[in-house]
Amino acid sequence: MNVENFGASERLVNAAYVRQGAQGRRAHELRLRALLEQGKCPEDGWDESTIELFLHELAIMDSNNFLGNCGVGEREGRVASGLVARRHYRLIHGIGRSGDISAVQPKAAGSSLLNKLTNSIVLDIIKLAGVRTVTSCFVVPMATGMSLTLCFLTLRHKRPKAKYIIWPRIDQKSCFKSMITAGFEPVVIENVLEGDELRTDLTAVEAKIQDLGAENVLCVHSTTSCFAPRVPDRLEELAVICANYAIPHIVNNAYGVQSSKCMHLIQQGARVGRIDAFIQSLDKNFMVPVGGAIIAGFNDSFIKDISKMYPGRASASPSLDVLITLLSLGESGYRQLLKERKEMFSYLSSELRKLAEVYNERLLNTPHNPISLAMSLESLNEHNDMAVTQLGSMLFTRQVSGARVVPLGSLQTVNDYTFKGFMSHTNNYPCAYLNAASAIGMKKQDVDLFLKRLDKCMKTFRKEKNNGKDVSEVGNCNKDTCLGETKD
């Protein structure tokens, strides 16, 4: 209510009580005012009532919620289900216009304000996470792969002769398909093995640029966050190569916002060389539903060009989800999540190393990977070719999600390109292994339960081996026979 309405209320309720209510309302409004004036994530998280008040205020600024609205067009924010309308807080119009996803929508001042605020708050969080010189970003309602495609399509207009994308290999299908979908030919650069780690072959990257001709290369497509034993690309060196040859550089930073090391690599790469854009997932970094990403960079003009490449308007759901989440957490809450993730990584690393030693395996030495870990499975692989994949099946049956087992020598064809040793990021990694990651939101009890279940599965294989049985017999087991007690 405004001042006049509070004044009118004093005719019905004691004026002192009304003034107290007005002061309570004023406390909410001061938070909203600070957000609108500063465009930054609040230091402390908001309570749900303040967030819902804010969203309601935004919604009534959209034409579909005007009391006297008379819509005679084909897209007037009509929604058949009240449940759907409430799910979206009656913010129905989406974001952007037909020519620019970041443009203001005349029919939807509230949704447009939501879009602008979300982009501003997300930019603030990216700086907080470590890329302090980033200048521009926007939330796009597509996951990481399609967002990469949008960046490549934007570069097509700037480099019309280019047909190749140089890509240090990472065995993740959407990364590869993002280049194919955009109509370009990926040039796969195999990684080099240094100890247990798979690292960027800088010599091969530069040699391939010289071989193809810099003018024929659309960009270098590098990666930060990845599954061990692959580690983040050598971003600083790649950025220098790109600057020297005047080639754009697009970084897949899928779940790298949660890692200070990944963000530091991007910051340093932009400082010493060239990084045109870096893309990160909303769900992996901010614990919201799948369906959104952030495209960010150091040149406002280029990031704006990408937003203009998006055809038509877009769903506001990813922007709404991340706005609600960041207002709930505040800067302090998000910083705490980042701190806890690092602590869980150290704990997972320590405990997984201990478990590996029990079974004569080892935690692979991958100090340059700040999120993912890998434990060798050499004894399983030596005993039976199927044992490694059966371990993965057993873990999945035991409701362990996210862990991956990587056997030796598997083949995978993606868009007519065959990868040998798929999932291991190289043709011939020395051993089979299991992956586990410490991602944002993970708790100590998650780590403990994972290790307990992994231990039970490994015991099953050791028992079968010691009894002289074929370990493949385990493949048809159920929870009780494979994993012992099931009450946890």
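Placed from the backbone N, Cα and C atoms, the Cβ positions cover glycine too.
Quick look at what TrEMBL lists:
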BINDING   R75  pyridoxal 5'-phosphate binding site
BINDING   R97, S98, Q105, R313  substrate binding site
BINDING   R271, R398, K463  tRNA binding site
MOD_RES   K284  N6-(pyridoxal phosphate)lysine
Fill in: For R271 (tRNA binding site), the one of R97, S98, Q105, K284, R313 that lies nearest, given that the recorded positions are compared by Cα
K284
Fill in: Neighbour tally for the residue listed as 'N6-(pyridoxal phosphate)lysine', based on other Cβ positions within 10 Å of its Cβ
23
Worksheet item: To the nearest whole angstrom, what is the C-alpha distance linking R398 (tRNA binding site) and K284 (N6-(pyridoxal phosphate)lysine)?
Response: 23
Worksheet entry | Rounded Cα-Cα span from R75 (pyridoxal 5'-phosphate binding site) to R97 (substrate binding site), Å | 12
Item to complete: Whole-number Å only: compute the distance from the Cα of K463 (tRNA binding site) to the Cα of the residue listed as 'N6-(pyridoxal phosphate)lysine'.
Response: 38
Worksheet, complete the sentence: Rounded Cα distance in angstrom between S98 (substrate binding site) and R75 (pyridoxal 5'-phosphate binding site) is 13
Worksheet, complete the sentence: Between the binding-site residues R97, R398, K463, the one whose Cβ has the fewest other Cβ atoms within 10 Å is K463
Response to the item:
CB contacts under 8 angstroms to R75 (pyridoxal 5'-phosphate binding site), restricted to the same chain and 6+ apart in sequence, sorted by sequence, are H93
